[in-house]
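First up is the structure itself, then whatever we jot down about it.
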Amino acid sequence: MSFFPNVPEIKYEGRSSKNPFSYKHYNPQEVVLGKTMEEHLRLAVAYWHTFNANGTDPFGAGTAVRSWDSLSPLDRSKARVEANFELLVKLGVPFYAFHDADVAPEGATLAETNKNIDVIVAKLKEFQQATGKKLLWNTANLFTNPRYVHGASTSNNAEVFAYSAATIKKMLEVGKELGAENYVFWGGREGYESLLNTDMGLELDNLARMLHMAVDYAKEIGFGAQFLIEPKPKEPTKHQYDFDAATALQFLQKYGLKDYFKLNIEANHATLAGHTFEHELRVARLNGALGSIDANQGDYLLGWDTDEFPFDLYSTTLAMYEILKNDGGIGKGGVNFDAKVRRTSFEDEDLFFAHIAGIDAYAHGLKAAAKLIEERVLDGVIEERYSSYSSGIGADIVAGKASLKSLEQYVLTQQQPIVNRSNRLEQLRAALNEVIFSV
Ligand code: XUL
Ligand code: CO
């Protein structure tokens, strides 16, 4: 049975194609800087947005009607598994990602929930084997159920901490069973509403305790996935502890967790934190912690996480630039479309058009970023801009040969006034435009 009978397999047809069911830029086997596009991007579909979201917002009901909606909970979950793999095959996307709550209905007890999960995991495994599709990452949803009202690992209620631990344990086992390449921790409700009633020290210590327990258990069961923290500054929590890349890295460092975690950087979370996506990727990269990305984009006119499919070529180009500059590229991570169709795009086909748009935006960004690197458009400018550190007093500073005293001596002996040079940023931006237009 087909869930998307009107959708053909999406192939690369190039720029001149007028077929909306085709890629204009994503050509999986095309080699860019020594690797195929498929290898560079490691594309993934996010289960929750694609198979669970139906367009509800705080003011209105769902607008999308899917064929599985009328089924009983467990049958609905089974149908979604089949729809997931049909979509992956038709899009030619190699990976997917999910939370426990996305794939199986929650039962009345933990034991019942785990039983439901086992039924679905067996089906996921069967379909993975039949199609060759893989799990980029899985995670535990520790934010939807009302028990997480005060947080999960950072709840004031130790019973909730315990329930969270049991849920994470199960999802680590599921990750192992399905061969997940990564495991994500997004602290949706790990934060606080008001400092007036919050023991921030205890909450942060407890968050670290939970992550250490997860590291230990993964070792115990031989689950070799890369662990990832996904920073976000707020929403749903007013202040989230993993605010941004720098904050998450400081936390990992302080609690002796840095060796076990990298970061999953999401575009819309970056902008909510007041950063660009490329800023967050640069911070992660410079700290050896660029693990994976959640590819989407926000709306600069709105202050919340709109999770739109990415179409901004500046952002995808500069994101891919950071990934290409990263040692090993995206590594075990991937480009996961943590993105949802707009509420007004409620037809099944929109799920395909949205992924095609996002995938082509990233393929275009990859080609533009490769050209920026090959032609040294930015490297050349940066090398020249910092050239004062390659010789003379600058070289001494970099080599650690200078002190306040020696630098004072140097300044006192200089006859000429200091001369600065223009940044010519507008010229550089025009050069970037040219590269994006040209690929
Ligand atoms: C929420 C978000 C999550 C994580 C996984 O903003 O991005 O879906 O990616 O829990
Ligand atoms: Co995300």
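Residue numbering: from 1, along the chain as shown.
Each residue, glycine too, has its Cβ placed from N, Cα and C.
The active site annotation in TrEMBL covers H99 (among others). Around the Cβ of H99 (active site), a 10 Å sphere holds 20 further Cβ atoms from the protein chains shown.
The active site annotation in TrEMBL covers D102 (among others). Within the same chain, residues at least 6 positions away in sequence whose Cβ sits under 8 Å from that of D102 (active site) are Y47, W48, F51, N52, N141.
Look at TrEMBL and you will find 122-296 tagged as domain 'Xylose isomerase-like TIM barrel'.
Summarising the annotation, TrEMBL assigns Mg(2+) 1 binding site to E230, E266, D294, D338. Counting every protein chain shown, the number of other Cβ atoms lying within 10 Å of the Cβ of D338 (Mg(2+) 1 binding site) is 25.
Sequence annotations record features per position, and here TrEMBL assigns Mg(2+) 2 binding site to E266, H269, D305, D307. Non-local neighbourhood of D305 (Mg(2+) 2 binding site): K232, E235, N268, H269, L272, G298, each in the same chain, at least six residues away, with C-beta under 8 Å from its C-beta.
Only E230, D305, D338 of the recorded positions listed as D102, E230, D305, D307, D338 bring a Cβ under 6 Å of any atom of ligand 1; the order follows the sequence. For the binding-site residues E230, E266, H269, D294, D307, counting C-beta atoms within 10 A of each C-beta gives the highest total at H269. The two recorded residues E266 (Mg(2+) 1 binding site) and D307 (Mg(2+) 2 binding site) have their Cα atoms spaced 9 Å from each other. For the recorded site, E230 (Mg(2+) 1 binding site), the DSSP three-state label reads coil.
With H99 (active site) as the anchor, the candidate binding-site residues are D294, D307, D338, and the one with the nearest CA is D338.
Spatially, by CA atoms, the binding-site residues E230, D294, D338 include one closest to D307 (Mg(2+) 2 binding site), and that is D338. Excluding the listed site residues E266, H269, D305, D307, the same chain places K232, A267, N268, L272, D294, N296, G298, D338 with Cβ atoms within 8 Å of the centre of the Mg(2+) 2 site Cβ atoms.
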